[in-house]
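Participant: Okay, here's the structure, questions in a sec.
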Amino acid sequence: MSKKVAVIGGGSWGTALAQVLHNNNYQVQIYDLSQEKVDEINQDHINSYLPDVKLPEQLKATTDLKEAVNGAEAVVVVVPSHAVRKAAKDLAEVLETDTLVVSATKGLEENTYLRMSEVLAQELPAEFEDKITVLSGPSHAEEVIKNHPTTVVAANEDKKMAQQVQDMFMNDQLRVYTNPDAVGVELGAAVKNIIAIGAGIASGLGYGDNALAALVTRGITEIKRLGVELGAKSMTFAGLTGLGDLIVTCTSQHSRNRRLGYKIGAGKSLEEALDEMKMVAEGVKTAKAVYEVAEKHGIDMPISNQVYNILFNDKDPRQSVNDLMMRGKKHEIEEVAKEQSW
Ligand SMILES: NC(=O)c1ccc[n+]([C@@H]2O[C@H](COP(=O)([O-])OP(=O)(O)OC[C@H]3O[C@@H](n4cnc5c(N)ncnc54)[C@H](O)[C@@H]3O)[C@@H](O)[C@H]2O)c1
Ligand SMILES: O=P(O)(O)OC[C@H](O)CO
């Protein structure tokens, strides 16, 4: 009999990951709060967030968490970041010991600024702490669901755990690498969404590829600056979950964060832009958390800072561009500047 996995959250990414696991011969049950989502999956074999794709009939969904996790060897948490604490509290009531926990949500918790694996570790019983593996990378659900080649990373300090998750998801369409630096993997995934909102804003203002390249390159510089201060390994930001995910999110037609930014650059307010979004754009809440963390640690994050001010202080995006362009003159590579006292 095939092994079972429960996917917590039946949105676009949860459904795409559920299909990967189904393709890898797992019996998969999706849990979602929304009866409408559950009915779509069970009755029509679709997810309306991923149009044109028929889901395997064996994919089952439920609004009953206990039923979803019963007998599962792993749970994959893939609800929006603002819902992870609640989902983890609910899971703590029903999770069987020895179940692996995979965290596929990208974001930081508002107010606590915690990474998603930290939120899960706080709410789940202590024995689960080492069993939480982060799964992240440049991976739009719209492409994974169509089996387009995609690469992601399973991150856990415990090599065995990371490899177990690698084995669970890996197939000829989804290549999974391992990395012990879960801190860097999660921070790269969270902060790139803010820069992607910035890339959308730039596009909405009518700017082109030069501005995009600047945002990606200077964006990864400030993501790494924050990450290293918070304990991540610098090299992780050159990898799939750093530069890789930043590129895909800043450039893709599929990105929710880029799309939201575009609307704002084209003149809409944050409220209007959010009203038009069905799916979650994590960069909005993360912009707030990162603004506060950067202030607390005294870290210079000029792009994230401008995105925060556009989103929450009604700053004119054109003024933000001007302020970014007219900052004090700098050496490009700060490590070299320090080393050579430039
Ligand atoms: N969509 C992508 O391509 C993609 C890719 C990689 C990572 N992610 C990340 O995955 C996370 C989820 O994104 P998404 O795009 O699937 O979101 P989504 O907006 O498409 O769907 C979220 C789903 O979660 C459900 N939900 C909310 N709270 C819940 C709870 N407490 N319990 C169970 N279900 C709950 C909602 O009903 C909804 O169906 C985000 O952090 C996102 O950044 C998304
Ligand atoms: O659509 P976005 O902007 O939430 O990005 C989705 C994934 O994180 C891309 O890797």
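Backbone N, Cα and C atoms are what each Cβ position is placed from, and that goes for glycine too.
In case it's useful when we look at the structure, here is the feature table from TrEMBL:
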- LYS192: active site, proton acceptor (ACT_SITE)
- GLY9, GLY10, GLY11, SER12, TRP13, GLY14, ALA141, ARG256: NAD(+) binding site (BINDING)
- SER12, TRP13, TYR49, LYS106, ALA141, ARG256, VAL280, GLU282: NADPH binding site (BINDING)
- LYS106, GLY137, SER139, LYS192, ASP245, SER255, ARG256, ASN257: sn-glycerol 3-phosphate binding site (BINDING)
- LYS106, ARG256, ASN257: substrate binding site (BINDING)
- 4-162: domain 'Glycerol-3-phosphate dehydrogenase NAD-dependent N-terminal' (DOMAIN)
- 181-321: domain 'Glycerol-3-phosphate dehydrogenase NAD-dependent C-terminal' (DOMAIN)
Participant: By a 10 A CB contact count over all chains shown, which of the binding-site residues listed here is most packed: SER139, SER255, ASN257?
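Facilitator: Answer returned by the neighbour count: ASN257.
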Participant: Please report the Cα separation of ASP245 (sn-glycerol 3-phosphate binding site) and SER12 (NAD(+) binding site) in Å, rounded to an integer.
Facilitator: 17
Participant: Given the binding-site residues TRP13, ALA141, GLU282, which lie close to ASN257 (sn-glycerol 3-phosphate binding site), meaning Cα to Cα within 10 A?
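Facilitator: Cα within 10 Å of ASN257 (sn-glycerol 3-phosphate binding site): GLU282.
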Participant: May I ask you to report the DSSP-based helix, strand or coil state of LYS192 (active site, proton acceptor)?
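Facilitator: Assignment for LYS192 (active site, proton acceptor) reads helix.
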Participant: Near ALA141 (NAD(+) binding site), which residues of its own chain have a C-beta under 8 A away, given they sit six or more steps off in sequence?
Facilitator: SER12, TRP13, THR15, ALA16, TYR49, LEU50, HIS254
Participant: From GLY137, SER139, ALA141, ASP245, ASN257, which binding-site residues have a C-beta atom under 6 Å away from some atom of ligand 1?
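Facilitator: What lies within reach of ligand 1, judged by Cβ under 6 Å, is SER139, ALA141.
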Participant: Any same-chain residues 6+ apart from GLY11 (NAD(+) binding site) with CB under 8 Å of its CB? Would you list them in sequence order, or say none?
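Facilitator: Spatial neighbours, sequence-distant, of GLY11 (NAD(+) binding site): ASP32, LYS37, ASN47, TYR49, VAL78, VAL79, PRO80, MET279, VAL280.
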Participant: When the pLDDT values for the domain 'Glycerol-3-phosphate dehydrogenase NAD-dependent N-terminal' (4-162) are averaged, what is the result?
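Facilitator: Summarising the domain 'Glycerol-3-phosphate dehydrogenase NAD-dependent N-terminal' (4-162) by its mean pLDDT gives 97.
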Participant: Look at each of the recorded positions, LYS106, LYS192, ARG256, and point out the one with the fewest other Cβ atoms around it within 10 Å.
Facilitator: ARG256
Participant: Under a three-state reading of DSSP, tell me whether ASP245 (sn-glycerol 3-phosphate binding site) is helix, strand or coil.
Facilitator: helix
